[in-house]
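Here the structure is laid out as structure tokens; the discussion comes afterwards.
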Amino acid sequence: ILRSTYTIAVLHFAVLRYAVLSVSCSCCLLLAMLTSTEKHTSLLMLSLLPRVLSAVSSLLFITPSFFFFSPPQMIASDGIQESPPVTVNITVIDANDNTPTFPNVSYSVNVYTDMQPGETVLRLTAVDADEGPNGLISYSILAGAQGHFTINNLTGLITVVPGVNLTVGRSYALTVRAADSAPSSQRRSGLLLLAKMLDRESTDRYTLTITASDGKLDGTSTATVDILVTDVNDNDPVFDPLLPHNLTVQEEQANAFVGQVKATDPDLGVNGQVRYRLLTHADLFRISVDGNISTAVALDREQRGHYELVVEAWDGALDPRRTTLTLSINVLDVDDNSPVFSQPSYSVILPENSLAGVAILQLSASDADLNSNITYLIRTEEERELFALDLVTGELRVLYTLDFEKLTSEETTHTLVVEAVDSGGSMPPGLATVTITITDMNDFSPVFGQTVYRGMVAPNAVKGTIVTTVQAEDWDTPGTPASRVHYQVDLEQFFYSASIFDVDKDTGSILTRVNLNEEPNTKFNLAVIAYDSGEPVKFNKTLVEITVLQPSVIPVFTQEEYRFPAVSENAPVGTVVGVILAAAINQSIVYSIVEGNEGGEFTVNNLTGVISTARPLDYETNSSYVLRVEADSLRVFSSNQRAPSKSNTAKVYIEVQDENDHPPVFTKMFYLAGVAEDAKTFTSVLQVQALDKDTGNYSAMHYHLIIPPTADGKDSFVIEPYTGVIKTAIMYRNMRRSYFRFDVIATDNYGEGLSSSAQVVVSVVNQLDMQVVVSNVPPTVVEQNKEQLIGILERYVQDQIPGAKVVVESIGPRRYGDTYDQEDYTKSDLMVYAIDPMTNRALSRQELFKFLDGKLLDINKEFQPYLGRGGRILEIRTPDVVQNVKKAVQSVGYTEGALLALAIIIIICCIPAILIVIVTYRQRQAECAKTARIQMALPAGKPGGVATSNLYEELGDDRTVNQLKLKSHFCLHTEH
């Protein structure tokens, strides 16, 4: 044997007759294995040819380790002689013959939406019996993480990925792989993996045949795997494309069918159950569970004729999938609108002596309905004698020539009610008022204050230099066009002077038309005309003499314009603004401000030219100033003969810097208002206003309320933060005679600056507190003059209740008839109530009637200028609901008397009376039903005070109360 020692390594799963060692020897016929134990002999054997040491049996059960056979000897023999023993060292090494195994096939764990990135979800541990790299396990997520989870490849720790928001109800199915670290060629694998995504809706079951092979012909095995694909919510609902998407519905119909949508979802169970909702216009339309769409309220085509309705379909999963569909809905028209004039009222100025037949106004009305045909008519019959209205065009003409001097004061103003009628429609006509004022003509000419005006100018004066000023007055009525005086140069007289000088049309200032280049001591004469704007135009003329001065006496400014830094409006008096400077040869210079300092805010040092503040500045009054300063020689200044020129005048621009120095001030410190107990939520109650003398953002208001919450924690009112409109926030039913007191805060600079507060009291009322003022003019006239009319009524109420507030509830056409169900648009109903500031509650209806009806003659006199010629209050009455109840009770009283008489007749005439009683009984039942309906319609009792037993007690009619009790008792008795 060539070597004395052999060291070999054997895989621990070496199979039978696996070659372990090949031994070389010279001249030997036999190798023998000398072992000390049967165990070693049974494991190894020697073959003669070739001389190979082989494993007799498998070594799989041997624990991998380094060991020696004891005695570890091998000899070689040629049949005669033997070689010395040789030591064989054999190391059994590990093979990758075990697959990593998880203790459980599946794991279930709950996660929470507030889990932090890196927080542990689950720790997985797999076991591999191999040693070394063959038993070193690494982990990975094969599928299902959706980017939301990650696993540590060494520890098996599953955590949440940073930046992921987990959703309640969502589930995840993670497939985790455990693999050892052996070379890929030594890994054992039987893992069945997906080659691509599955779709249950296409194929919900698979049957696979799996074959395992060791590479030999007979070393194969097969198995059948049945795979059932479970459903996940992976399909969106799909709308039926065959159903129409362009729909129509008629206006003014609630609960009207519009159309239908239908969506399907191929997912199973709740994942495929489709539901619907509207994403747009959900307040106008509704959709049922089966996709039927209808109107929730009556639509108005005139407000909006087309809607884009977005319908959403979603399934019933915890994390639903959604699909939207847009429907186009056109609203069909019905005749539901009256014609409307372009203005509710018109004003026309008609000069006296206008020709008969001349057009004085073009009226125009429109009807929001389609295919309307509008005609025009003067409704006021007495006015048709003076004016005519074209039926088709709406052109208003005067029929006669009017003479202002022959008209009384009332006849100088005419108020016409005109109507526009849709000849093919069924709605009431549209109304408007036309106020025609006849005006006087021009009577006086302007008169100059002087016959001759004189002025001086520098020989090089620039264009626009003011030389002097002329002034004329007109004695026509102030404020009329005939009293407005304007000026112009007479171009025909003194033509050359008119080409050099001009006059300002409005101020009368004589100024240079061009840059002068004239000889000193030259004199110019200029004719100036003053004229008015009356009819016809009247005028007058004056003369202006202008002398050109010597240039040597005219100083020169260093700059034509001076611009100084802005001066704060809080700057103290005497603050220096800037310095101006002029120079002249051998002349002492005197500075003065000749223009732009009308308020005396600034002063200039006559000798130094320093301009400083002379009075406190106010940005809100004037934010900037443009001063014209003049430098004159002391000799010219002393002789009072200033001569502005290009060189000795300059402009000074001064900007005032605004400061937030004024807090907001409310127009009232106490606001008193009312709200009807049946008012809808977000109904406007009143508007508060705070004013700020500052400008810009410093005067931009932000309003908010400080209001105690109601018992259920809600605010009773809300306010629009930038308009100051206070609106209702709750329902006030059954809260009559109660009131709310709260504060409103105004903060300037959009809520960042100074603040002030005012108090608001809102009283809850209903029609039991109101009176109706009926007048003989259309509602449009009352609406136009509402503020003036309410002011007059409020003054008469305040004569009795100081500080009382009169509030308008409604303005509409006059209602008349037995049940007040008829309307007259030539007259109007003005419903009002009054609030007592001492009690913060509404005055009783009886008190309000007494205060107004007793002064009706005086009120009518004050109303007349606003209601127009012949306009007046016809009556003051109680509201419709109260009147209807009284009439119903009176009929009850008459019926009770008749029944009593019938009872006497029954005693005298038995049989005939029975027949009469039967007939009367049926009539009595009808009356009882009518009374019951009236009682059900009455307003509920008031909280916070002594509740009346019924409306009749509230009306204060004792006889009515007794009649109603008797009536109720009789109804009960007859029904039993």
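The backbone N, Cα and C atoms fix where each Cβ goes, glycine too.
TrEMBL annotations: computationally assigned, not manually curated.
Summarising the annotation, TrEMBL assigns domain 'Cadherin' to 103-239 (among others).
Look at TrEMBL and you will find 241-341 (among others) tagged as domain 'Cadherin'.
Residues or ranges marked as domain 'Cadherin' by TrEMBL: 342-448 (among others).
Residues annotated as domain 'Cadherin' in TrEMBL: 449-557 (among others). On the 0 to 100 pLDDT scale, the domain 'Cadherin' (449-557) averages 88 in this prediction.
Summarising the annotation, TrEMBL assigns domain 'Cadherin' to 559-666 (among others). Across the domain 'Cadherin' (559-666), DSSP classifies residues as 5 helix, 46 strand, 57 coil.
Feature annotation from TrEMBL assigns domain 'Cadherin' to 667-781 (among others). Secondary structure of the domain 'Cadherin' (667-781) per DSSP, as helix, strand and coil residue counts: 14 helix, 50 strand, 51 coil.
Taken from TrEMBL, the feature transmembrane segment covers 15-36 (among others).
As annotated by TrEMBL, transmembrane segment applies to 898-921 (among others).
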Quick one: do the domain 'Cadherin' (667-781) and the domain 'Cadherin' (342-448) reach 3+ CB pairs under 8 Å, ignoring pairs fewer than 6 apart in sequence?
yes
